Structure formats: C-alpha cells, structure tokens
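What follows is one structure encoded as structure tokens, with my remarks underneath.
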Amino acid sequence: MNPYVLAILLSSLGLGTTLTFASSHWLLAWMGLEINTLAITPLMAQHHHPRAVEATTKYFLTQATAAAMILFASTTNAWVTGEWSINDLSNPVASTMFVAALALKIGLAPVHFWMPEVLQGLDLLTGLILSTWQKLAPFALIVQTAQTIDPLLLTLLGATSTLVGGWGGLNQTQLRKVLAYSSIAHMGWMIIVIQYAPQLTLIALGTYIIMTSATFLTLKMSLATKISTLATTWSKSPVLASTTALVLLSLGGLPPLTGFMPKWMILQELAKQDLPLIATTMALTALISLYFYLRLCYAMTLTVSPNTTNSSTPWRTQTTQASLPLALFVVSTLGLLPITPAILMLTA
C-alpha cells in the first residue's frame with residue numbers, strides 16, 4: 001500500500017477514536033465510530049484476496065448495523081428526554097438498544113459471530129488493529145454510560161461472553177480464530193465489572209491490549225497462522241517459541257504473569273459485591289480458556305513436528321518486522337504483576 005495512503009488511513013483511525021473519546025454529544029461520538037470503521041476497511045481489503053474481501057464485507061455490514069442502532073437509540077433518547085448528552089441516557093429502551101449496538105461493535109456474545117470469521121480473513125497486523133485499537137472507542141462510550149444501563153443485562157453479557165469465548169476456542173486449529181475467541185472472553189471480563197469498578201475495566205483493557213499485541217507480534221515473527229505451523233517453530237527459533245508459550249499463558253491468566261492481575265482484581269471485586277456465584281462462574285470459564293492456550297503451548301514446545309507436515313519449514317525466521325515493539329510488549333506481558341499495588345493506588 002502507498003505510504004501516503006497508509007498514513008492518511010492510520011491518522012483517520014486515530015482521529016475517529018479521539019473524536020469519540022472527546023465527545024459529550026451523541027452525534028459526534030457516532031461520527032467518530034463511523035470514521036474508525038471507514039478508515040480500517042481499506043486496510044482490511046488491501047491484499048485483494050477473496051477471504052480478505054469477504055471479511056471486510058462482513059465487518060462493514062456488522063459495523064454499519066451497529067452504527068445505525070446507535071443513531072436510532074440516541075435519536076429515541078433525544079426525542080423522549082430532549083437531551084443529546086451522552087451522560088443523560090435515561091430512557092430504558094434507548095439504553096438497551098445502545099448496549100446491544102456496542103456489544104455488536106466489540107463482539108460480545110451473543111452477537112459475536114462475525115468476530116472469528118472476520119479475524120480469520122485478515123493478516124496478523126490488521127487483525128491486531130481490529131482486536132485492540134478498534135475496541136477503544138466503543139469502550140469509552142460503555143464506560144460513560146455504564147451507570148444508566150441495566151446491571152442484569154451487563155452481567156448476562158459478561159458471563160455469556162466468557163463462556164462462549166472459552167467454549168468456542170476449544171476446537172479451533174486456526175490461530176486467528178483462537179485469538180478471536182480469546183478476545184470475546186476478555187471482553188466479557190471487562191463488561192461484568194464495569195458497573196462496580198470502571199477503573200478495573202480500564203486496567204483489564206490495558207493489559208488485554210498489551211498481551212494481545214505481544215501475541216500477534218510473536219506469531220507474525222514466527223510466520224504462524226495455524227497450530228500445525230506452530231509445531232515447527234521450535235526448530236527455527238527456540239527462544240521465540242519459549243517466549244510465545246509464556247505470552248499465551250499470560251493471556252490465559254496464569255500467575256506470576258501479567259495476565260493474572262486483571263482477573264484476580266475482578267474476582268476480588270465481584271466477591272466484595274456479594275456475588276460469589278458469578279465470581280465462581282467467571283473463574284471456571286477462565287479454566288476453559290486456559291485449556292486452549294495450554295494446547296497451543298503443548299503443540300509449540302512439547303511436541304516435535306511430524307515429518308509429513310504440509311507446511312514448509314524455513315530453517316531461519318526471516319522477517320522485516322521491527323523487534324523493539326515486540327520486545328517491549330513481551331516484557332510488559334510477562335512482568336507487570338509485581339507493580340499491581342502501584343496500579344491499585346493510582347486507580348483508587
């Protein structure tokens with residue numbers, strides 16, 4: 001892609017998210033979300049592959065549907081209350097419609113079906129943008145309106161997402177689909193605690209972005225898109241294979257890695273709110289997710305690739321990717337747990 005065009009598209013992505021962050025008016029927030037969608041569409045279709053075009057079409061249609069629902073919800077709310085302010089979402093019908101639209105935008109269960117299909121059709125870097133940056137603007141709106149939304153609806157969305165995210169990833173052989181289900185599960189963790197402690201949602205979102213970036217960049221470095229290719233990583237680059245395994249375990253939430261921190265704090269908050277049943281359910285769904293991360297680690301580090309593998313095995317990892325972002329994200333993914341007290345103090 002032409003570097004000038006790429007610069008314009010990436011600037012538009014930043015502009016759309018910033019607009020939504022800074023807006024207090026529904027139409028401005030909606031405009032930011034639309035700029036975001038229109039900016040990422042050419043990035044998704046840049047390879048002119050049938051799968052990429054199909055993924056772009058699916059993504060565009062779901063995002064356009066969600067945007068139309070947001071516009072309809074905000075118009076309904078303005079009609080009833082006479083207010084266009086984001087903080088004044090007092091009409092229950094508009095509020096429910098708005099949550100459904102944002103759930104569709106970020107891929108929460110039960111409106112998650114587009115997410116694995118779209119991510120599977122993209123290359124790893126565009127998939128990284130879709131899994132991280134594209135979540136920021138909708139989350140900004142959810143955080144602003146969380147107190148006006150029905151708590152039962154948020155709890156149901158969160159619990160269903162963690163369950164579907166864990167269950168859906170069990171049978172996958174494609175790494176991008178595994179990461180899509182992992183994203184759905186993580187979104188569920190963030191949504192379930194947003195009504196009690198929004199700062200924990202932001203911590204969870206931050207750690208999720210760091211861990212997902214590290215995962216996508218390590219997979220891009222090892223040129224792996226499916227489990228059978230992952231099995232050949234060890235012979236090419238043992239250090240990269242070990243690092244990827246640790247990053248995946250962090251994504252699963254194992255101590256003493258960074259991924260344990262948000263899960264631990266969210267479970268603690270749910271227990272404080274006298275919700276032991278929901279906390280137990282969330283912990284059990286985290287175990288289901290952990291299984292498929294362990295499966296990837298097993299394929300990568302504890303098995304030798306069979307001689308009849310269909311994927312070609314380059315003996316050295318050849319890449320033009322800059323290794324500094326990868327190193328920074330990996331270090332953050334593996335070592336931030338000890339600073340948990342400092343993070344808690346800053347968000348208190």
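Backbone N, Cα and C define each Cβ position, glycine as well.
As annotated by TrEMBL, domain 'NADH:quinone oxidoreductase/Mrp antiporter transmembrane' applies to 23-288.
According to TrEMBL, the transmembrane segment annotation covers 60-80 (among others).
Tertiary neighbourhood of the transmembrane segment (92-115): same-chain residues 33, 58-59, 62-63, 65-67, 69-70, 72-74, 76-77, 80, 134-135, 138-139, 141-142, 145, 148-150, 153-154, 157, 160-161, 163-165, 180, 183-184, 187-188, 191, selected by CB-CB distance under 8 Å and a gap of 6+ residues from either end. The transmembrane segment annotation in TrEMBL covers 92-115 (among others).
The feature transmembrane segment is assigned by TrEMBL to 152-171 (among others).
Annotation comment: TrEMBL describes 178-196 (among others) as transmembrane segment.
The transmembrane segment annotation in TrEMBL covers 202-219 (among others).
Residues annotated as transmembrane segment in TrEMBL: 239-257 (among others).
Summarising the annotation, TrEMBL assigns transmembrane segment to 277-294 (among others). Non-local neighbours of the transmembrane segment (277-294) in the same chain are 155, 158-159, 162-163, 165-167, 169-170, 172, 178, 181-182, 185, 188-189, 192, 248-249, 251-254, 263, 266-267, 270-271; each lies 6+ residues outside the stretch with a CB under 8 Å from one of its CB atoms.
Feature annotation from TrEMBL assigns domain 'NADH dehydrogenase subunit 2 C-terminal' to 290-344.
Under the heading transmembrane segment, TrEMBL lists 326-346 (among others).
For the transmembrane segment (152-171), same-chain residues at least 6 beyond its ends with a Cβ under 8 Å from one of its own Cβ atoms are 96, 99, 103, 108-110, 112, 116, 146, 177-178, 181-195, 278, 281-282, 285-289, 291-292.
Through the fold, the transmembrane segment (178-196) approaches residues 106-109, 112, 115-116, 118-120, 127, 131, 135, 139, 142-143, 146-147, 149, 151, 154-155, 157-166, 168-169, 172, 204-205, 208, 212, 215-216, 251, 262-263, 266, 269-270, 273, 278, 282, 285-286, 289, 292-293, 296 of its own chain, all at least 6 residues removed from its boundaries and within a Cβ separation under 8 Å. Within the chain, the transmembrane segment (326-346) has long-range Cβ neighbours (under 8 A, six or more residues past its boundaries) at 203, 207, 210-211, 213-214, 217-218, 221, 243, 246-247, 250-251, 255-261, 264-265. Away from its own ends, the transmembrane segment (202-219) comes close to residues 124-125, 127-128, 131-132, 135-136, 139, 143, 175, 179, 182-183, 186, 189-190, 193, 225, 240, 243-244, 247-248, 250-251, 258-259, 261-262, 265-266, 321, 325-326, 329-330, 332-333, 336, 343, 347 of its chain (Cβ-Cβ under 8 Å, at least six residues beyond either end).
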